[in-house]
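Since the structure comes first, as structure tokens, the remarks are kept for the end.
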Amino acid sequence: MQSKQSIHGSWANRWIFILAATGSAVGLGNIWKFPYITGENGGGAFVLVYLFCIMLVGIPIMMGEILVGRRARQSPINAVRETAAEAGLNKNWSLIGWLGVLAGYIIFSFYSVVAGWVLHYIAGMGTGQFVDISSDLAGERFTNLLASPDQMLVWHTLFVLMVVGVVAGGVNKGLERATKIMMPALFVLLLVLLGYSVNTGSFGQGWSFLFSFNPEALTWDAVLVALGHAFFTLSLGMGAIMAYGSYMGKKDSIGVTVLTIGVLDTLVALVAGLAIFPVVFANQMDPAAGPGLMFITLPVAFGQMPGGQVFGFLFFLLVGVAAWTSAISLLEPATAWLVERFGLKRLPAALLLGVIVWLMGIASLLSFNHWEEIKLLGMGIFDFLDFITANVMLPLSGLMIAIYSGWMLNKHITRDELALGSNMTYSAWSLVIRFIAPVAVMVIFVVNLYDKLA
Ligand code: PHE
């Protein structure tokens, strides 16, 4: 069991794994969603709660996912089945793997639509279409994009192809190569944008918005949003991290690695906030603009600033790269499973899944226009898919992973994989994964669901 290898390959070294997992974690969640939910929930106090959630729920569950993946060295579905067999448990525990892979796959279908908008904005910024644009016009442009299925289809298709192209290359020639190029590019772009916002934006105002602690702004609802987001941003509960973990070196410490990924992901979210809010404030715009913050507020802000065309273009390029590396990790678990289960080659496996997910994405993009009338539980298709994945499938899958790795797997398996050196650290993990994380997740799950459906 110890010297097992994955048939898909393995990461060249620990840093590649850290970068690949960070590539999965850093995505639209960090750059689009984190800034706007921070904006909506009043800033500093929300950020603090979010950090607690990362530490107490995100990090331990991520360790649980990786240990299962690395133990079995197979796609999530088979990894859970195999570790269950090793621990003498019922093989139906592999349902956890199914749930995760399915959730990731559904998320990919609508994530790709939003990523398509980003590609559209890269082109728009690059060709100067937002120079000196008014708020009204920027709003109208975005509305027009959503009203045009043809335009969205072009960008959605391109994005799916970009992802399939990388996943088809396999772990070493696809994922690893993409990671080596895209992650350094991502960090450089982020620093360039930070420099721009320090020099050109209202940096002090942006800083104090993110870090001044004003507990009055914090509501119970905001705590739930923070907890849910901790999950989404670390790519937990959908097989992505488990699949990546199955390609991880046996000797690398899971604890240290996961901590590094958590810190990097958080840093990127904070730096993204520091790059965005000063630009927003410099143009006297509203930080609480919601999902439109990136697609309406920012283009207007960039359009009015010196050098804004270039930096606006770089900004959307950054978001595009981040979304790309995340989507790759959404397609990988299902692809690995098809290869294992049916002996398919990577290319046909990735293509087949790409075509299905592309069709599903079309349903999402039509829900903004022709299919606007179709409602599931009172929501359009796009919102419904977002809702069942983020609020139902992910928490459920995260909860099951916590229970499975904390309560069900034998101690010798978890201790052997985690090899946490001291007993103290292992006990700390064990305490958090058995009690704190599941209770916290159960709370989001129930309250969130109650809130949405009541
Ligand atoms: N973590 C990614 C983000 O923050 C989203 C994602 C979710 C990626 C699930 C992979 C798997 O945008």
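Cβ coordinates are placed from backbone N, Cα and C, and glycine is handled just like the others.
Annotated features, as they stand in TrEMBL:
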type	residues	note
TRANSMEM	12-32	transmembrane segment
TRANSMEM	44-68	transmembrane segment
TRANSMEM	95-119	transmembrane segment
TRANSMEM	153-171	transmembrane segment
TRANSMEM	183-203	transmembrane segment
TRANSMEM	223-244	transmembrane segment
TRANSMEM	256-281	transmembrane segment
TRANSMEM	310-329	transmembrane segment
TRANSMEM	349-368	transmembrane segment
TRANSMEM	380-407	transmembrane segment
TRANSMEM	427-450	transmembrane segment
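Take the transmembrane segment (256-281) and the stretches 12-32, 153-171, 349-368, 380-407, 427-450: counting Cβ pairs under 8 Å, 12-32 has the most. Touching of the transmembrane segment (349-368) and the transmembrane segment (427-450) is ruled out by the presence of fewer than three CB pairs under 8 A, sequence neighbours closer than 6 excluded. For the transmembrane segment (310-329), the most Cβ-contacting stretch among 12-32, 44-68, 153-171, 223-244, 427-450 is 12-32 (pairs under 8 Å).
Remote same-chain partners of the transmembrane segment (95-119), defined as residues 6 or more beyond its termini with a Cβ less than 8 Å from a stretch Cβ, comprise 27-28, 32, 75-81, 145, 152, 154-156, 158-160, 163, 237-240, 242, 295, 316, 319-320, 323-324, 326-327, 329-331, 333-334, 337, 353, 357-358, 360-361, 363-365, 382, 385-386, 388-389, 393-394, 396-397, 400-401, 404. Among 12-32, 44-68, 153-171, 427-450, 44-68 has the largest number of CB pairs under 8 A with the transmembrane segment (223-244). Put simply, of 12-32, 153-171, 183-203, 427-450, the stretch with the most CB pairs closer than 8 A to the transmembrane segment (44-68) is 427-450. Nonlocal intrachain contacts for the transmembrane segment (153-171), taken as residues 6+ away from its ends with a CB within less than 8 angstroms of a stretch CB, comprise 6, 8-11, 108, 112-113, 115-117, 119-120, 177-178, 247, 323-324, 327-328, 330-332, 335, 346-347, 349-351, 353-354, 357-358, 361-362, 365. Listed by sequence, the residues of this chain that lie at least six past the ends of the transmembrane segment (12-32) yet keep a Cβ under 8 A from its Cβ atoms are 111, 114-115, 118, 172, 175-176, 178-180, 182-183, 186, 229, 232-235, 240-241, 244-245, 247-249, 252, 257, 260-261, 264-265, 268-269, 272, 276, 291, 293-294, 318-319, 322-323, 325-329.
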